[in-house]
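*Asks:* Here you go, one structure.
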Amino acid sequence: MANGRVSSGTPEDKEAASDAHNVKICIDAGEPGSATPGHQDTAQFFPAGEDPQQQQASQQQQPRVPAGVGDVSKGKEGDDVSLYGTPKEELGPGPGGLSEAKASFMRNQLEALFQPSDNKLAMKLFGSKKALMKERIRQKAAGHWIIHPCSNFRFYWDLCMLLLLVANLIVLPVAISFFNDDLSIRWIAFNCLSDTIFLLDIVVNFRTGIMHQDNSEQVILDPRMIAHHYIRTWFFLDLISSIPLDYIFLIFIQDYSDSFQLLHAGRALRILRFAKMLSLLRLLRLSRLVRYVSQWEEVYFLNMASVFMKIFNLICMMLLIGHWSGCLQFLVPMLQGFPSNSWVAINELETKYWFEQYSWALFKAMSHMLCIGYGRFPPQSLTDMWLTLLSMISGATCYALFLGHTTNLIQSLDSSRRQYREKLKQVEEYMAYRKLPRGLRQGITDYFEHRYQGKFFDEEAILGELSERLREDVINYNCRSLVASVPFFANADPNFVNDVVTKLKYEVFQPGDVIIKEGTLGTKMYFIQEGIVDIVMSNGDVATSLSDGSYFGEICLLTNARRVASVRAETYCNLFSLSVEHFNAVLDVYPVMRRTMESIAAERLNKIGKNPDIVCQREDLRVDLNTVTALLQSAQSAHDEEDDDEDVGKDGRVRGGDRRKYSHLLGVGHRGAIPRPKSESCFHRMFDMASGAAAQTALPRSGTFYESLTGGMGSQGNLQED
């Protein structure tokens, strides 16, 4: 029995097989007879009387049978499972398979490097990780080894190209203008390395996807479309700036004349000068720099790119043009052999150190560009005059652009203040046109200064462009101090507060402004965010004053009647108004809050000597009003009892007998003694909101409890005393 299979045969065969079974077969790698790496079967059983070498030769002649399809008599060959029914352990691949696995691993890593990553550009284009995964699948299905523009490879490649471009645009003009050893090993190595990398950049551009202008979410991955687009746009400019035309020209001349030594000295000098001119074509790489910088600004700097980066780009571009102009100021006289009337010969700079030559050339160029002079000496030759003219034109253009862009960018940094000044200027022109009196003009100006605080926003338009959720969050944040200071809001349903706050309108009143006039129809109620208002009776007396956190004007909205009192601003007041339409719409959804406001409004009318029945004709209104009065009396009685040491214990609580005495007012023990509204569950919300602190015995009459009950009209307690 081998590998769970039963073998049959003669007794002699069984005895031979038993002897063969006793033979030790080495399977370890270090012992003789061990299996070679890569072989799945490490032990063989040989039939009796047969030589192992013959058996091995016969096995080589026999056709190879796939795994799992072997004959029963072949023992381990063809078995997929072990003796215990578990899958056999597969050994690692051989040397050939290992190299193939390494190649497959490297290929997968390279493909992953070409796929879009979750960087800022990718998230800006696709918006979510799910869309990014779909884009990866689409790119992998496209094949052709296309580099995605949002991949990590393209990011680091652009970064390296950006640094190399900056180095080339700075080093090349200096080396061409101030150094004569153009054929030195270091200079040739630098040029060859740069040219090779820029040629590779052309190849990379042919394999990089293109973000479509009309639909930025769709990236073009077709190689033919990519090549067609690149050839029509930047290919020829990149090719001309990458091909070493100067070296090709020198090699061609050398092959043509066999040796430079056979040439005339003047002709050889002209050839070298022409080669220098050809090397200037590398400066066309500036177009790549502009493209890369623009892309990085848009993607990786976002809002900063529109302000600070543009100013930084203008400064860098102006310095780069000044650097090029300075090199050109020295290059032209050098190509002419430094004539005696050139500025270089006049300043005796022919044999000076290159940095001194560059410093004077840069000073001369920047003097022209900034239009502050001609440098140390005015131009003496025709060539210097034209160079000066060219430098002045380019410098004046750059300087004007720099000033214009800088001015616009600085103004855009504080556009709200600029709009405020423009609005105030329009108001001043209007007041002058209408010939308004000086006092009225001053009042209008003070109103604008207090209302807008030096910044003008079209807040309604800004909030209208937001989503509903964001708009509610912004309004709730702006009104957070109001909600925190108004007891009516602090104890109300959060959904009710949210519905009310989103419908509020911000208004500002100056000292002396009549906010509400007695006898007029009420169309708004007001919540005081900041300031003090006076409640003025018909005889001119001030009934009370309201401050931060109070509200007024709700009585007319509840009764559809005329104003029962006037309200005048004592200081600058920041109010939030709620129109009658929004008021009724909100209270229709929350009838409990309507009952609460009706009860509190009736109590207010009672305090100022008005008929509380005008609020509403509900049958249970008088019951609610009596309940509110009972709550006030219970709180006042509890406060008075605290001052009596005989009736109050050390813990500040009313004793048992006195608690029973006031139980009909506090609603403790004998709840039926207090008149309750018909809808007890509805009034429970009002009770919790208006008298949440009624259980606290130490509560003054005109303190927090009364303010929370009447919406901040704490000073009305004096009316009751009168």
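Quick reminder: no glycine exception, Cβ is built from N, Cα and C everywhere.
Whatever TrEMBL says is automated annotation, not expert-curated.
Quick paste of what TrEMBL says about this protein:
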type	residues	note
COMPBIAS	1-10	compositional bias 'Polar residues'
REGION	1-98	region 'Disordered'
COMPBIAS	11-22	compositional bias 'Basic and acidic residues'
COMPBIAS	53-62	compositional bias 'Low complexity'
TRANSMEM	155-179	transmembrane segment
TRANSMEM	185-204	transmembrane segment
TRANSMEM	234-253	transmembrane segment
TRANSMEM	265-284	transmembrane segment
DOMAIN	488-604	domain 'Cyclic nucleotide-binding'
REGION	635-658	region 'Disordered'
COMPBIAS	649-658	compositional bias 'Basic and acidic residues'
*Asks:* In the same chain, who gets a Cβ under 8 Å from the transmembrane segment (185-204) while lying at least 6 residues past its ends?
*Replies:* 147, 157, 160-161, 164, 168, 171, 175, 179, 235, 238-239, 241-244, 247, 279, 282, 285, 288
*Asks:* Cβ under 8 Å to the transmembrane segment (155-179), counting only same-chain residues 6 or more beyond its ends: which ones?
*Replies:* 117, 119, 187, 190, 194, 197-198, 201, 204, 276, 279-280, 282-283, 285-286, 288-289, 292-293, 295-296, 320, 323-324, 327-328, 330-331, 334, 354, 357-358, 361
*Asks:* Using DSSP, what is the helix/strand/coil residue split across the domain 'Cyclic nucleotide-binding' (488-604)?
*Replies:* 41 helix, 39 strand, 37 coil
